[in-house]
Structures are given as C-alpha cells and as structure tokens.
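Q: Quick one: the structure is below, questions incoming.
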C-alpha cells in the first residue's frame, strides 16, 4: 500500500527525545532525564506491601536516595497481564511543566515529517473480529461470564523511522485534556498515547479513580452530538456494562479504604471522538497503601478485561490472536512517599523505528452487535490514526 502519511504540525520548541518519559495530567505534568535503574519485576500481587514487587520497589527507592536522588519516582508501564515483566524505571531527575502552557505550545508547533505507509494490516480482519464478538456475546449470556473486553490491532509499516516527539506534539494538540504519555521502552521503542481514563491517583491519604465503560461516537452537529450523549446515558446495555465495572471496583476498594464515595449513577465525559459513561470514585486510603498497591489492586478492571476477571481473561486468551503486552495495561508514576497517578493504556500506539502498532478494545455483553463493536473500536483507533494523519 502506498498511502501518504503527512504530518502538518507546528513547532515552537524542540521535540521530546525518544529516551525521555513524559506524562501530562491535570494533577501533575512532568518529563524525566536519564535512567538510574530499570525495574522489570512483574506486578503480580503488587497490591500487597509484602509482595516481591513492592519489596523490590522499596529497595530501589532506598538505593536511589542513597545515591543522592532526593525525591525518586518510578515511571513507566505495567502490562495488561501483570505476570509479565514491567516496563518501569527510576529516572535520574524529573522536571515539572505547565499543562496549560504545553497545550498552547502544541497548538503552535510547526515542524513537519512526511512519511509513506508501505503496509497496513488489521489484526484480526473484520470478519474474524465480528465472529469473536458473536462468540463472546453468546458466552456472556451464560452463567460463565458477564462481560468480556475484546480488542484488535492495526500494524503499520512506514518508509522511514518515525519521530515520536513530533507525534507527541500533534497528539497533545488534538487531545489537549487527555492523560498524554510518552514512555521509552527497553527495546528502543516508545509507548505513546492519549488515555481518557484515570485508574488511580493518590495524593497523601486521598485517592480517586474515574472508570469508563460504555461509549458512543461524537457527532459533528452540536444538537445531534448532545442527543448521542443522552442516548448513551439512557442505554440499558451501556449502563449494565458500566455497572459491572463500578460494582467490582467498589467491592475491592472498600476493604482498603476508611472512606469511599461513589455516585449512584454515571455521568458523561467526552473526548474529541467519543462520549463515555464515567463514575468518579473518591476515598481515603488505609495507612499502608501507596499509589501502586491500589493501582495493582484495581488492574485490570472489568473495563479492560471483563467480569468475572478469571473467566473473562480465559475467553480473551482463547479468542484474541495476539498478546496484548503493554496494551490495556497502565501507565504512570509513583514516588517514594506513596503518591502517584496511573492511567489505563488505551488510545495508544507502540512505535519502534518504522513500525507502529495501534490498539483498541470494546466491552462485550449479551446485547453487543458484532458490526457495532467493529465500528466502536474503529472510532477508538481513530484517536491515534488522526495523529498520524490517517483518518
């Protein structure tokens, strides 16, 4: 295939180097420099302070402080399956920046990179994906499982290496209020994305989470767009899917917090392409918790795997023809004081030289339509396709 991939972006500052971590959120936005130590310990059982993951994390923070790093942070990504190696590291230093100023500078960015797509492949193809959805929907109508999240990929090969810093600027310009991230990986690649979903933020003893489940495509007409949002809010199918997520999260968080506040009904939030049902959680964590114990407790939520978790992940393993790896995982940071912020690794891409892999998923329940879920994942993929100029 010989598709044009032109980047019409604006530059006011140098782009981020591919070996630097970048995280932009309403709570804290920062970049990092250098690498003190990589940390690939699997996050399995990471919700326990006594787990190997948490014990080794604490030891690494102590080492960093002993070497003169005053306020060490652990940054990076944890895969969908926490039994797999983590992609985390402690940088030598970090630098805060203004989210508002970065939003403005990204809109003014003028540097361009022209690339050609030489190959583009959907994994799986549409017919196979729709068969997967039909099978999963049938299973969710049985006592075995209530919800399954199925995903698909797009692999793209370009004629030259891709500048992740240029893409990051365009991603921010197009998705200014998302949780934007750029994660350097040990293999030389980069995980880049604009997540709409906060898994866990912890500041002192207070924590928050805003799970998303249930979505609808935005419309260009303002009246039709609002109608689409209202239909989503009234959708029995989407409300059921959303409630499976929030109920599961409430059950596990109650035991780990002295306070927990959860609205009885979801609200609407938007991205440039989608409406989402969202429920904001607020709470006060027990004293032994840190941002990563709580993030690992929740991850993966039923919004990324399904419910019940074990049955849903078994269906995913049987139906999806690929390993999700970091997709559907979590991205963020945690400091040595237990504060941190972790978002769900969606609306994202993995880049390495001239190779790109995009990811999107959808929650499957008995009322799911195979064609409808193909289209929904297509809208979700459009977030990153738009960044590449492939509408």
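Backbone N, Cα and C atoms are what each Cβ position is placed from, and that goes for glycine too.
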Q: For the isochorismate site, Swiss-Prot lists 214, 215, 241, 303, 347, 361; sort out which one of 102, 202, 284, 380 goes with them.
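A: Looking through 102, 202, 284, 380, the residue Swiss-Prot assigns to the isochorismate site is 380.
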Q: For the Mg(2+) 1 site (140, 142, 145, 146), what does the 8 A shell look like? I mean other same-chain residues with CB within 8 A of the CB centroid.
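A: Residues close to the Mg(2+) 1 site, other than 140, 142, 145, 146: 139, 141, 143, 144, 147, 148, 311, 365, 366.
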Q: If I restrict to non-local contacts, at least six residues apart, and a C-beta distance under 8 angstroms, what lies near residue 140 (Mg(2+) 1 binding site) in its own chain?
A: 146, 147, 148, 364, 365, 366, 368
Q: Ten-angstrom check, please: count other Cβ atoms within 10 Å of the Cβ of residue 147 (active site, proton acceptor), all chains counted.
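A: Looking across every protein chain shown, the total is 27.
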Q: I'd like to know which of the binding-site residues 142, 215 has the most other Cβ atoms within 10 Å of its Cβ.
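A: That would be 215, with the most Cβ atoms nearby.
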